[in-house]
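For 1-22, the entry in Swiss-Prot reads transit peptide, with the evidence type sequence analysis. According to Swiss-Prot, the domain '2Fe-2S ferredoxin-type' annotation covers 69-160. Swiss-Prot lists Cys120, Cys125, Cys140 with the feature [2Fe-2S] cluster binding site. Swiss-Prot lists 202-232 with the feature domain '4Fe-4S ferredoxin-type'. Sequence annotations record features per position, and here Swiss-Prot assigns [4Fe-4S] cluster binding site to Cys212, Cys215, Cys218, Cys280 based on similarity to another entry. Annotated [3Fe-4S] cluster binding site per Swiss-Prot: Cys222, Cys270, Cys276, in sequence order. As annotated by Swiss-Prot, ubiquinone binding site applies to Trp227, with the evidence given as similarity to another entry.
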Amino acid sequence: MSSVLRLLGRRICNPAAEKVRLSSSLSGGGDFPILNGHKAAQDLSKDTLKSQDITKEKEGQHKEVKKEFKIYRWNPDKPNSKPFLQSFFVDLSSCGPMVLDVLQKIKAEDDASLSYRRSCREGICGSCSMNIDGTNTVACLKPINPNTSKPTIITPLPHMYVIKDLVVDLTNFYQQYKSMEPWLKTRKPPKDGREHRQSPKDRKKLDGLYECILCACCTTSCPSYWWNPEEFPGPAALLQAYRWISDSRDEYREERLQAITESETKVYRCRAIKNCTATCPKGLNPASAILKMKSKHLLSDPLVRTESV
């Protein structure tokens, strides 16, 4: 088993079987039922299949398919050195289909000092968020662009303090998320020690809200957050605010709405640019959630309380 495969923690799989698994994701079936209804994720699956087909075709014509990747580098141990883009040439015929596969191959074979975050490799943890060819996304879900005539440029999430290379400081992002109090708040426990029950209809209202993986792609693509990171919570935090405002089990929904609308630096700092929705790797729509909270506040729409099931 090669050093790359050891780093990836997996064995060589059957290419034909892998293609069948990816094909099943286009309809949300097979091994990927969670992709059903997520257009952005299904588009990524289509791009991956296309990338694999093109790479396989080129592999049959040439022994190697070299592509250039320009990666942002900066070492805090050398504070007098300016950041720069370092070029790496990777053979796509011996690499996985995603950008994260490229980074792991580079770290294993070319430069062990390359720093980046990664964990699940399944688009669940949000660790490997970065900017790839000008778009914030997670590297494990971003297919490699098979066009070898131009390089792929990989940089850290924009307008964030860089710790090293592709690793950024997310402290403020998590603090803004925490300020939304993302947990169930009730005035009294349910009778007889039961769990807080919820009807299927009320549970359906949370779809498209709870799936956030806190990758910070949306927040770091928002100009309002760029210029006011200490005051404006950002799209990810506001999406979570709406998630709990929409939860029928929560008994502080009015207070939550008041907390984010009493100051112009909160929900009203959003200018509806919608970069957040365009860049979300999970296909969520923070801009819509923010608009709905504005509407609830401006129209004085009372939040309907529901009875326990």
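Cβ coordinates are placed from backbone N, Cα and C, and glycine is handled just like the others.
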Please tell me which one of the binding-site residues listed here (Cys212, Trp227, Cys270, Cys276, Cys280) sits closest to Cys120 ([2Fe-2S] cluster binding site), measuring Cα to Cα? Cys212
Fewest other Cβ atoms within 10 Å: which of the binding-site residues Cys140, Cys212, Cys276 wins that one? Let me know. Cys212
Within 10 Å of Cys215 ([4Fe-4S] cluster binding site) (Cα to Cα), which of the binding-site residues Cys125, Cys140, Cys222, Trp227, Cys270, Cys276 do you find? Cys125
Within the predicted model, mean pLDDT of the domain '2Fe-2S ferredoxin-type' (69-160): 96
Work out how many Å separate Cys276 ([3Fe-4S] cluster binding site) and Cys218 ([4Fe-4S] cluster binding site) at their Cα atoms, rounded off. 4
In Å, rounded, how far does the Cα of Cys270 ([3Fe-4S] cluster binding site) sit from the Cα of Cys218 ([4Fe-4S] cluster binding site)? 13
Work through the binding-site residues one by one (Cys212, Cys218, Cys222, Trp227, Cys280) and name whichever has its CA nearest to the CA of Cys125 ([2Fe-2S] cluster binding site). Cys212
Once near-sequence residues are set aside, which residues in the chain of Cys218 ([4Fe-4S] cluster binding site), 6 or more away, have Cβ atoms under 8 Å from its Cβ? Asn136, Gly234, Pro235, Ala236, Leu239, Asn275, Cys276, Thr277, Thr279, Cys280, Leu284, Pro286
Residues lining the [4Fe-4S] cluster site besides Cys212, Cys215, Cys218, Cys280 (CB within 8 A of their CB center) are Gly126, Ile213, Leu214, Ala216, Cys217, Thr219, Pro235, Ala236, Leu239, Cys276, Thr279, Pro281, Lys282, Leu284, Pro286
Counting only residues outside Cys120, Cys125, Cys140 in the same chain, those with C-beta within 8 angstroms of the [2Fe-2S] cluster site's C-beta centroid are Arg118, Ser119, Arg121, Glu122, Gly123, Ile124, Gly126, Ser127, Cys128, Val138
Just name the most isolated of the binding-site residues Cys120, Cys125, Cys222, Cys270, going by other Cβ atoms within 10 Å of its Cβ. Cys120
